[in-house]
Amino acid sequence: MAAAGGGGGGAAAAGRAYSFKVVLLGEGCVGKTSLVLRYCENKFNDKHITTLQASFLTKKLNIGGKRVNLAIWDTAGQERFHALGPIYYRDSNGAILVYDITDEDSFQKVKNWVKELRKMLGNEICLCIVGNKIDLEKERHVSIQEAESYAESVGAKHYHTSAKQNKGIEELFLDLCKRMIETAQVDERAKGNGSSQPGTARRGVQIIDDEPQAQTSGGGCCSSG
């Protein structure tokens, strides 16, 4: 059973793991679902997959001896579902904001998501801005320099991916996990020093007993709503 991280001590103690929630946001057709399926199941479907509301996949990792359980939420990109965004990104430790490199408008919409996330969750959430479909480089409409400069200006990191060719995806999630671990460790040290502020644990690391988790988690895709 999950329990919120308490005082000092490493979260990666024997039999325990970091538990992080990551949400994918972006317009429809940018490839969010394809990225998640490629990462979690190494699957790719050329046909467009429309996500209705949200779904999630789970992934277990071992990074530098630290166990990590990821819950990756894939949200719908259609405008009519935008108002549901806060339901899915609240309490998130990380956000992956995806745009299609052949679609300038999808990049502009990412900027709106960044503003919303910073307003609602502050600077604690780790942001990744992802230019997907680099297999269509000849059709690129979003400048690499512009995208990378923007990401840096908002405290995010920029990545280049192709779900079709399976490029850049492992690097994206590995780097994000490392950043979330670093953030969680800073929070743990702050709590250990008695300097935590009200609400600090809102996106704090969750400590999970690994054995009970293994018994109760199916590890598959669970649709929401």
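Backbone N, Cα and C define each Cβ position, glycine as well.
Annotated by Swiss-Prot as motif 'Switch 1', the relevant range among 43-56, 57-70, 141-154, 197-210 is 43-56. Put simply, K32 is the one of the binding-site residues G28, K32, D46, K133, A163 whose Cα lies nearest to the Cα of D74 (Mg(2+) binding site).
For the binding-site residues K32, K133, the ranking by surrounding Cβ atoms (within 10 Å, all protein chains) places K32 first. Put plainly, the binding-site residues D46, D74 were compared by Cβ crowding within 10 Å, and the winner is D74.
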